[in-house]
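TrEMBL has this to say about the protein:
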| type | residues | note |
| --- | --- | --- |
| TRANSMEM | 26-46 | transmembrane segment |
| TRANSMEM | 66-84 | transmembrane segment |
| TRANSMEM | 91-108 | transmembrane segment |
| TRANSMEM | 114-133 | transmembrane segment |
| TRANSMEM | 154-175 | transmembrane segment |
| TRANSMEM | 187-206 | transmembrane segment |
| TRANSMEM | 279-296 | transmembrane segment |
| TRANSMEM | 308-330 | transmembrane segment |
| TRANSMEM | 350-375 | transmembrane segment |
| TRANSMEM | 418-439 | transmembrane segment |
Amino acid sequence: MGFEGDEESAANQVPTKSRFRYNSPLVQITLIGLVCFCCPGMFNALSGMGGGGQVNPTAANNANTALYTTFAIFGVLGGGIYNILGPRLTLAAGCSTYVLYAGSFLYYNHKQHQSFAIVAGAVLGIGAGFLWAGEGAIMTSYPPPHRKGTYISLFWSIFNMGGVIGGLIPFILNYNRSEAASVNDGTYIGFMCFMTAGTLLSLAILPPSKVVRDDGTRCTNIKYSKVSTEAVEIGKLFFNWKMLLIAPAAWASNFFYSYQFNNVNGALFNLRTRGLNNVFYWGAQMAGSVGIGYILDFSFQSRRKRGFVGIGIVAALGTAIWAGGLAKQVGYKHNDLPPKLDFKDSGSDFAGPFVLYFSYGLLDAMFQSMVYWVIGALADDFEILSRYVGFYKGVQSAGAAVAWQVDAHKVPLLSQLIVNWSLTTVSYPLLAILVMLAVKDDHEGEEPSINPASMDNNSKPV
């Protein structure tokens, strides 16, 4: 979507009276949060059970590899596609693929054929690329620049409530099946109902030209972009030094899921306890996103200083949590797993691993919210941010595709933990360099659109 003019000055606008207007950033961020609550939120709950709720994680690992392989491609392309098609069509198409994926595991529950799950995973990767590129553009460009951390935490909290509710579904439906290996049909049907609702809700999202902030400014005046323009701009991302500094954090940000879901939650706990754990894992994400969002928006007047402090806090907390994971991991291997823990029957043995898994969820939200905030601080241009987020999701998904195959090939668990810890650790100084060089304390540091459609007769690219 090309811009017909620079963002309108707040000085020339009449402040609005209510932030609960349908066309306000608050309501639109809430809506995209609810869409993700229903679709990727439920997907996260399904994945978080380990093996997609099955006793044998092979089908889920292969489906996730197919998913993240296509996601890596369409995540990068998603920003350009979103700029061409607009929010409603792109988001609805993406959301519908989640229903197919959950249905494939309902089929697997009866036929034990993984081909359908793998194909559904590949299709979901395409849809997820559409959904997440659009979500990221909305989340980073609709809010006012000085409150992006707050809106990111709002979105993250609503989105992860999906994981909380999604964790309750298998917990309740399988509560009396403490020895069960695979979840029942009702669990998958419940997920499918939520995902269908999310698909319908995505049609309520407004395009950026119709969103008005509280100070009266609009996100942008737009007209649809062209395929040729988007192809060129997406290609440039791979040579953009800002994106190259973000790439390690993007690669790391989903790489640890296969380890945490399959080899912590899936390996250490029985079925009903895994569902309960997911309630707290995704609940921890809500708390983590709110905490880091407050720090990134309110801790200091200087936006750059807030970025440094946020990165430092996440780095320190991450080091402590992964160290705790190492202490637990040295006690078991793939071929030497401890007895499954149950939240009712295992007593004090349950507490330590539960707190560790809860902490992993806390760190995940803080890490990803921090990266989104950094991306949002690089520009205030919807078109640019949609491409930046698409690049982030593409690299993130490429890392996840590798990670799921790492687990499928039974790489030693200790090695998986060390790689995850190392990847996140490397990303912190690179993000700090990016904040130092590219994040400014005023609007002068934000990138303008370079699409010719974004300039009027008197404007020139900076």
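Backbone N, Cα and C define each Cβ position, glycine as well.
Keep in mind that TrEMBL annotations are predicted by a computer and have not been checked by a curator.
Counting Cβ pairs under 8 Å to the transmembrane segment (350-375), the top-ranked stretch among 26-46, 154-175, 187-206 is 154-175.
Beyond its flanks by at least six residues, the transmembrane segment (279-296) meets 41, 44-45, 48, 148-150, 152-154, 156-157, 160-164, 166-168, 171, 265, 306-307, 309-310, 313-314, 354, 357-366, 369-370, 373 of its own chain at Cβ-Cβ distances under 8 Å. Among the recorded stretches 26-46, 66-84, 91-108, 114-133, 187-206, the one sharing the largest number of Cβ pairs closer than 8 Å with the transmembrane segment (154-175) is 26-46.
Beyond its flanks by at least six residues, the transmembrane segment (66-84) meets 1, 90, 101, 118-119, 121-126, 128-134, 136-137, 224-227, 230-231, 233-234, 237, 254, 383, 386-401, 404 of its own chain at Cβ-Cβ distances under 8 Å. Within its own chain, the transmembrane segment (114-133) has Cβ neighbours under 8 Å at 35-36, 39-40, 43, 52, 58-60, 62-79, 81-82, 90-91, 93-98, 100-101, 103-105, 107-108, 386, 389-390, 393-394, 397, counting only residues six or more beyond its boundaries.
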